[in-house]
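Over in Swiss-Prot, the protein carries these features:
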- P91, V92, G93, S94, G95, L96, G97, S98, S99, A100, C101: ATP binding site (BINDING)
Amino acid sequence: MLKFFAPASIGNLGVGFDVLGMAISPIDGTLLGDCLSIAPAEQFDLEIKGSFSDKLPKEPKKNIVFRCWKNFCQKIGKDVPVQMRLEKNMPVGSGLGSSACSVVAALVAMNEYCAHPLDQNALLSLMGEMEGLISGNVHYDNVAPCYLGGLQFILDTQSRISQSIPLFSDWLWVLAYPGIKISTAKARNVLPVHYSKRDCVDHGRYLAGFIHACYSQQPDLAAELMKDVIAEPYRLPMLPSFLTARQKAKEMGALATGISGSGPTLFSVCPNLKTATSISDWLQHHYLENDAGFVHICRLDSLGARSVG
């Protein structure tokens, strides 16, 4: 039996709506993401376990993992009977790429099991297609970093879907998931159809400046430019505690704070462990709403999806 892990990811990073995403891992070694095991079988079978398995459909054929298996088999032109076991350790609707974790784990497992019939670009394209079945449209800002690791800039051209961007190895990222669910589709529906010229210019300036700061290794400039004029203003009513948390994090030394993906998870970028620990402790007591919530101090995950046994 082969086992694979697909890590959590932060979509958008505030400044890059639908075009930036980064894989993330807790510094304490916790596997924040989904694990999937695969073994030979006479027919397809899926077992679902894990901390958040009760949030998924009871019928295996309604799970995205089954649809990944089915579409992968269609791509390679033959059915491959396997037994899969999904360990669902990511909360659904958390803003941490939960569906991407399942999609990436399933497709990486199938591609490895079948001796790599799909190349990286073809596999990533299929991942985006499968993610679109959950969120309502094809996008790669979670599946690309979850699969490839690091910070990914989504190009979505004919020759290349995403490009790795250098980040800052000393940055720590505090993630706080309050324990409530926000549907990605619902979070996208609150966004306007049209934006002002001012917002478009500002968005382009912030994103281009952030990419420049990453390549020129200017962390202070990069953090200053992590501003969201596209999604955050319209999603704030769904996150009533966010502004208070961001202000407190800033007072405690955070370089930047934003909404992870569609929310409700927030991230705070910290320059050192002392600051990260202080902010983590505050969020633990003031941002979490129930026992399902959690806070992790994380680093960039440069590995992406990988074999774990």
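Including glycine, each Cβ sits where the backbone N, Cα and C put it.
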Within its own chain, what residues at least 6 apart in sequence put their Cβ under 8 Å from the Cβ of G93 (ATP binding site), listed in sequence order? K181, I182, S183, T184, S262
Tell me, if you would, which residue among G95, G97 (binding-site residues) has the fewest other CB atoms within 10 Å in the structure shown? G95
According to DSSP, which of helix, strand or coil covers S99 (ATP binding site)? helix
Using the Cβ centroid of P91, V92, G93, S94, G95, L96, G97, S98, S99, A100, C101 as the reference point for the ATP site, which residues of the same chain not in that list have Cβ within 8 Å? A8, M90, N142, G261
Around S99 (ATP binding site), how many other CB atoms lie within 10 A of its CB? 22
Look up G93 (ATP binding site) in the DSSP assignment and report helix, strand or coil. coil
Taking only same-chain residues 6+ apart in sequence, whose CB is under 8 Å from that of P91 (ATP binding site), what do you get? F52, K55, S98, Y177, G179, K181, A292
